[in-house]
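Under the heading active site, Swiss-Prot lists K105, citing sequence analysis as support. Under the heading NAD(+) binding site, Swiss-Prot lists G219, Y220, G221, N222, A223, G224, Y225.
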Amino acid sequence: MVEQDPFEIAVKQLERAAQYMDISEEALEFLKRPQRIVEVSIPVEMDDGSVKVFTGFRVQYNWARGPTKGGIRWHPEETLSTVKALAAWMTWKTAVMDLPYGGGKGGVICNPKEMSDREKERLARGYVRAIYDVISPYTDIPAPDVYTNPQIMAWMMDEYETISRRKDPSFGVITGKPPSVGGIVARMDATARGASYTVREAAKALGMDLKGKTIAIQGYGNAGYYMAKIMSEEYGMKVVAVSDSKGGIYNPDGLNADEVLAWKKKTGSVKDFPGATNITNEELLELEVDVLAPSAIEEVITKKNADNIKAKIVAELANGPTTPEADEILYEKGILIIPDFLCNAGGVTVSYFEWVQNITGDYWTVEETRAKLDKKMTKAFWDVYNTHKEKNINMRDAAYVVAVSRVYQAMKDRGWIKK
């Protein structure tokens, strides 16, 4: 488990970025606090006839740049501090991507693994009834996150529409929906595809040709699998190692993404894949590869192993895989980190495209969506990279400077703060 309080980390990162910016004390004070926190109690009738009361949250961190945007997490250990931190990070993520959004996040303390589909539906609808007054297509737009999925989003959207009597473009109140109810087809691989564009641009910045180069991917869920598939099939890279929570596999000649996925589905893990050597998650991180993509959990690159990282590019598909101490070590070693809230922003960017289509009624092809995503990710990468070069600071600090500057400007233009 993560030791530090998540919201304290978020505030520290903001304070660190402020050192490299011309930002007033009052603006910084404002940015250290969420604009709105909603806590709700949701009574849900369980299948056995009993009623269980769940606690839910919705945090709208900052709406200077537009409606707040962010996922809904269902987790037995959900805390308000985590939701606040993630809402702050969503604020910077939408700003670094230059999307017309602020940042938000929601959560419910529950264990979905122990709930039936009927119970989940009742909880989803109850949550929407509880937070109905603070969400809409123009104020706060939720999406799926930990243990929530397109089906749960469809129930939530339906409940919102039932209450609102379809008075606004209600498909646009929630993103990450099934395509049959206004969802976007390109959402499935959006996070990995967005990350692949940033890796391509990082390689250009380093003068590296990706064809034939090696990549190791920690985590083989949605993002890890699609990252392996895209980097090998579209960029000609060799995926030499992948892992999941039970361990990893290594093959210097390269692994086939689809075959490994089929093996994982059959056995429950990538481990023992035919023709590959079993390795630990720790060993995977320290392999001699060109690109390392931590795509699983937080805080895996720490001061203990940072010195042993040999990759030239670290692409953070996971949230917070590198600790601040490790950041410094990797920067000193000349390793280029593509920070999480830039690298994994493909998901929220395609969510934005879904929302635009729901509001306008204009639906795009997968090819059009990918071309627009490419353009957005490429511009965001160079905005951050150029700031990193100009200010001589690491990529994470540069991403914060770009993002916070944009939110700060919007706050000044609105007259919320005078300087």
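A Cβ is built for glycine as well, from the same backbone N, Cα and C atoms used for every other residue.
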Coarse DSSP state, helix versus strand versus coil, of G221 (NAD(+) binding site): coil
Tertiary neighbours of G221 (NAD(+) binding site) (same chain, Cβ under 8 Å, six or more apart): D244, S295, A296
Binding-site residues: G219, G224 - member with fewest neighbouring CB atoms within 10 Å: G219
Residues close to NAD(+) site centre defined by G219, Y220, G221, N222, A223, G224, Y225, Cβ within 8 Å: A192, I217, Y226, M227, S295, A296, L317
Around the Cβ of N222 (NAD(+) binding site), the count of other Cβ atoms that are within 10 Å: 16
